[in-house]
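S.K.: Sending over a structure as structure tokens; questions will come in a sec.
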Amino acid sequence: MAQEDVAPIRVGLLGAGTVGSQTARLLVEQKDELAARIGRPIELTGVACLDPAETDPFPWIDKAIVTTDTMSVATNSDIVIELIGGTGVARKFVLAAIESGASVVTANKALLAKYGPEIYAAAEAKGVDIYFEASVGGAIPFLKPLRESLVGDKVTSMLGIVNGTTNYILDEMTTKGLDFDDVLKDAQAKGYAEADPTGDIEGYDAANKAAIMATLGFHTSVTIDDVSVEGITKITADDIAAATAENKVIKLLAVVENTDAGVSARVYPALISNTHPLASVHGSFNAVFVKAEAADDLMFYGRGAGGAPTASAVVGDVVTEARHIAQGCTGPSIPLYKDLKKAPIEASKAEFAVRFVIHDNPGVLAAIAAKFADHGVSINGVNQDLKPTLKDPGYDGELQQLRLVTHMTDELTLRETVKDVCELDCVCGEPSILRVLN
């Protein structure tokens, strides 16, 4: 049967913002090419947004299909693309689309990190598909290999740079020697950071992605509530200078692991060697480093944000699902068949780099080392070469930075040790604590 004799696959788009408008452009401009790849026509039949005027700058969007009736688009399509964002109305429309028999494509990491297990179960019960490649890593084809190519292997850990805003800020602090606040203002002026950057700089955006990574990688339910989060707002120019002096860089990492202690999902800034593959990931680019038992080390790299790059991943999911519809089948479900315990962050072990600002007097190092010994924390290295920018108004003498690197220790013990050290009169200011990734 010729394609023109077959009813087109109806695609409904919820949201016409930066990513939504570019998704519409790719669907419209590549309509014939996509039909040839799918084996059946595909048509954008509805675009829902709060104000139809939002689509005026986009001539490729047919104004006749633009509506404010989001529920109508959600329940009268074969494939629904959810690009509204957030976790409130987006959840309502996604579940309504699934209930109507539509498959769903979304880039909404916050929605999946909070309600993913519920949505996956609803899709499986209804016999439809849910795809969300663009929710982690933008244009990077990472989640599909995790769902399909590695399904015969056992993934043990993943760590990634999954937020371009924080990666850009840390890059600028490193290359220009600027403080965090100055770089953030510059990033906002250039459009690299939101007016309210909290979700990025406090690590919440990366935490949403970590929850999705852990859920898919370990076949168990991990939500945003299970993720330990630490952002980059406490990173100072002194931290950057100390890292540079040791041939290291600071990166905000999403780290998920499946160990005997349980599943852990964490976001934190860490020191990594300049020779590590993730050290060369700059600006808005993202990368995820995967370790699997049989495949060993894998790395996925690409643009992690932007309208067109993210739309590329969205349309890729649409084509995948359209092929399933054309062939009368469904794709792989997301079986969360394991009920794995969650490992507490306090029990996680790592090497730590701890930086104190101290009074430059005899006996100070010995006093601090004694505190570490009292808690059984072994010191691997000491550095006192760098002068601090911090001043102690109650002390007239010289100040010095003391940087200690520990052997492997658990986080709870390390933080108790640091708390005791900070009670010494010779220590001023707030210490810096960074994990060291080897």
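Using N, Cα and C of the backbone, Cβ positions are placed for all residues, glycine too.
Checked TrEMBL, it gives:
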- Leu14, Gly15, Ala16, Gly17, Thr18, Val19, Gly20, Ser21: NADP(+) binding site (BINDING)
- Lys109: NADPH binding site (BINDING)
- Glu194: L-homoserine binding site (BINDING)
- Lys209: active site, proton donor (ACT_SITE)
- 353-438: domain 'ACT' (DOMAIN)
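Structural setting of the listed features?
M.R.: Leu14 (NADP(+) binding site): 28 other CB atoms within 10 A of its CB, across all protein chains.
The number of other Cβ atoms within 10 Å of the Cβ belonging to Lys109 (NADPH binding site), over all protein chains shown, comes to 25.
There are 14 other CB atoms within 10 A of the CB of Glu194 (L-homoserine binding site), with all protein chains counted.
Within the same chain, residues at least 6 positions away in sequence whose Cβ sits under 8 Å from that of Lys209 (active site, proton donor) are Lys109, Ala113, Ser135, Val136, Gly137, Gly160, Val162, Asn163, Ala254.
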S.K.: Quick one: Cα separation, Thr18 (NADP(+) binding site) versus Glu194 (L-homoserine binding site), in Å?
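M.R.: Checking the Cα atoms of Thr18 (NADP(+) binding site) and Glu194 (L-homoserine binding site) gives a distance of 13 Å.
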S.K.: For NADP(+), what surrounds Leu14, Gly15, Ala16, Gly17, Thr18, Val19, Gly20, Ser21 with a Cβ no more than 8 Å from their Cβ centroid?
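M.R.: Going along the sequence, the neighbours appear as Leu13, Gln22, Thr23, Ala24, Cys49, Leu83.
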S.K.: Counting only residues 6+ away in sequence within the same chain, which have a CB under 8 Å from the CB of Val19 (NADP(+) binding site)?
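M.R.: Non-local contacts for Val19 (NADP(+) binding site): Leu83, Ala107, Ala134, Gly307, Thr310, Ala311, Val314.
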S.K.: C-alpha of Glu194 (L-homoserine binding site) to C-alpha of Leu14 (NADP(+) binding site): distance in Å?
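M.R.: With the alpha carbons as reference points, the distance is 22 Å.
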S.K.: Please identify which of Gly15, Gly17, Gly20 has the densest Cβ environment, defined as other Cβ atoms within 10 Å, among these binding-site residues.
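M.R.: Output for this query is Gly20.
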S.K.: Sequence gap of 6 or more, Cβ distance under 8 Å: name the residues on the same chain that satisfy this around Ser21 (NADP(+) binding site), in order along the sequence.
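M.R.: Listed in sequence order: Thr55, Pro57, Phe58, Ile61, Gly307.
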